[in-house]
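Summarising the annotation, TrEMBL assigns ATP binding site to B:Lys100, B:Lys140, B:Glu176, B:Glu177, B:Leu178, B:Val179, B:Glu184, B:Asn262, B:Glu263. Under the heading domain 'ATP-grasp', TrEMBL lists B:104-292.
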Number of protein chains: 2
Amino acid sequence: MALRVGIIGGGQLARMMIAPAVELGVDVRVLAEQDGMSAGLAASAVGDYRDLDTVLRFARDVDVVTFDHEHVPQDVLRGLVDAGVQVHPGPDALAVAQDKLRMRAALADLGMPQPDWAGVADAAALDDFIAAHGGRAVVKTPRGGYDGKGVRVVDSASDAADWLDALEPGGQLLAEELVDFTRELAQQVARRPSGDLVVYPVVETVQRDGVCAEAIAPAPHAAGRLADVAGDIGEAIAVGLGVTGMLAVELFETSDERLLVNELAMRPHNSGHWTQDGAITSQFEQHLRAVLDLPLGDTALRAPWAVMVNILGGPETDSLSDRLPAALHAHPSAKVHTYGKDPRPGRKVGHVNVAGDELDAVCYEARAAAAFFLD
Amino acid sequence: MALRVGIIGGGQLARMMIAPAVELGVDVRVLAEQDGMSAGLAASAVGDYRDLDTVLRFARDVDVVTFDHEHVPQDVLRGLVDAGVQVHPGPDALAVAQDKLRMRAALADLGMPQPDWAGVADAAALDDFIAAHGGRAVVKTPRGGYDGKGVRVVDSASDAADWLDALEPGGQLLAEELVDFTRELAQQVARRPSGDLVVYPVVETVQRDGVCAEAIAPAPHAAGRLADVAGDIGEAIAVGLGVTGMLAVELFETSDERLLVNELAMRPHNSGHWTQDGAITSQFEQHLRAVLDLPLGDTALRAPWAVMVNILGGPETDSLSDRLPAALHAHPSAKVHTYGKDPRPGRKVGHVNVAGDELDAVCYEARAAAAFFLD
């Protein structure tokens, strides 16, 4: 009997689990939001993930339920667990990923290094926070943000007046210190329900307009102490929050060389796409192994360097396939991954991975190949 | 619009094209012989590949038709071409792969090194051939053999009496010199319809009972001249026969250091499964690129050594998934590929790939991991 994993959500993360699932002999089934999504090949159902009956029906034929995104409501997650369904990551862990205020509080409880932060319920509280932090702050809506959405840099509460006005009674925004960072890093770990855990090499990520644009593995100039600390942070969070499956910890490296936790994601993450062609075990295979409570795979790099460059937006008029011939001709060592999504400004529609011996050459190949898919 | 490839045959070779197809954004559709086959996830139709109408209907929605096996009859292949369907490899090339007598004649026309051979229509002719070759010969049925089936070593025509009796009027068996070889090698090349061609590193294969058991890439002690000659043979055959897609050339290395062509396969081949985890471009991705006439990918190794070990037969009572936990626990760097087939003695049900720096260690990991799946 094949192992069966049900994935809620039909986006590119679910899509990229299909390849390792087929090879490992895992039967993946996807509950897609609609027809024609990225993971359509494995879509065994189309329906609303906010509806418990729909999700329970989908879960009936699988051994474990996992996720393409973190938006499944807590009542649905609890309903699954109450019905005896294996859910990884579980509701308690996901609750932390779903709410940034809760995340900050949980990280504080774990003693993790993070930016100064506060929950602010009104303009006075936000202005106090801004005044106490040099006249600027980052304000975030606790729920629903991604890829830079729901995040603003402000120097006055009036810059967030619309969000403050929209708060429900008892609601708060998250105010954070604007960190003076020199670069962003990401640490991935995988953890099984039975407790085993593996750590990936820490990577450097380059964000543009709040969206991940590139990842370089391993992070340059991070050997030794910095990589160890990043790995320790990842492990402490995974264990402390009881994360099962893949966990990505986005980190700031500050100008005074501290690491501060920026965001968490409890699933395969854009910062780990390089693992498909640069690590012995890709994050997508690892996530499947982890949620099935199978032994975890080797996280070592396959080559000294691996670089991932996102295809953001894509060509305005062509499809990605129209651009494949020229890109593949110019870059025979580039691995092009497409998501089956229509190009749209700012949308992630694919990425390119390159692995090799020389960082400069690897970066060039990946960036130049990705550029073929942009206007 | 996604590129669409139709694969005739639902076996493991079709299955292993699914992963690279998803990543590259190629829409693969499979005409499977029955439900529940290895490539079932991509099966868009179930039907008889010997029936032209079935195949034409299947081909209507794809850009190119290719194959999981070489058994599609010539009249069906010609019917596809006549209907304007792109077919790769084409009927003329496949005719050579489908008939071993025709293959020997074609290789002779190309001046390729091969064992002495003759078509024999009766016992007298076969006994003459045996007498002229030291009292032994290999006899093959020209059509339908695979994995050692349809092949016998004989020292008298009486050993092949049943095959001789079954010959149709005008029919012949293939008699070949029993080659004194020290090892077997396999050379893979890929060729696009527009002519571009790439060559993989030549590999050593280990056969047991006529079935491929292991492949070691690159073939040890083959650097330089031997590898060049093998590559030249692969290229000459691909060009000479007009092969499109992947071509595997099985070679004997003789005790006097010649390379002789043993068999041909015009599709991804067991000797190339190592490329999934050991080469920058796997043979399955390469085959898709080639038949779509896309630029071909880099064939370089990702690591100094890559070894593939077949899982032959599998466990007698368990399924492969039951054996996964122990195998993955003991061998975290092993990449396990399963075919979704029920274990049966001698059946290929999966394989294990390992890549790394030290040949001994890589061989050990691959063999030891594969052993977990056998009783």
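Backbone N, Cα and C define each Cβ position, glycine as well.
The model shown is predicted, which means the values in this text are computed figures rather than measured ones.
Feature annotations (TrEMBL) mapped to structure.
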{"residue": "B:Lys100", "record": "ATP binding site", "DSSP (3 states)": "helix"}
{"residue": "B:Glu176", "record": "ATP binding site", "DSSP (3 states)": "strand"}
{"residue": "B:Glu184", "record": "ATP binding site", "DSSP (3 states)": "strand"}
{"residue": "B:Glu263", "record": "ATP binding site", "DSSP (3 states)": "strand"}
Cβ-Cβ distance under 8 Å to B:Glu263 (ATP binding site), same chain, at least six residues away: B:Lys100, B:Met103, B:Val249, B:Glu250
Model confidence over the domain 'ATP-grasp' (B:104-292) (mean pLDDT, whole number): 95
For ATP, whose listed binding residues are B:Lys100, B:Lys140, B:Glu176, B:Glu177, B:Leu178, B:Val179, B:Glu184, B:Asn262, B:Glu263, the greatest C-alpha pairwise distance in Å: 18
Spatial neighbours, same chain, of B:Leu178 (ATP binding site) - Cβ under 8 Å, 6+ residues apart: B:His133, B:Gly134, B:Arg136, B:Ala137, B:Val138, B:Val153
For B:Glu176 (ATP binding site), nearby residues of its own chain (Cβ under 8 Å, 6 or more apart in sequence): B:Arg104, B:Pro115, B:Asp116, B:Trp117, B:Ala137, B:Val138, B:Val139, B:Lys140
Which of B:Lys100, B:Glu184, all binding-site residues, has a Cβ with the fewest other Cβ atoms inside 10 Å: B:Glu184
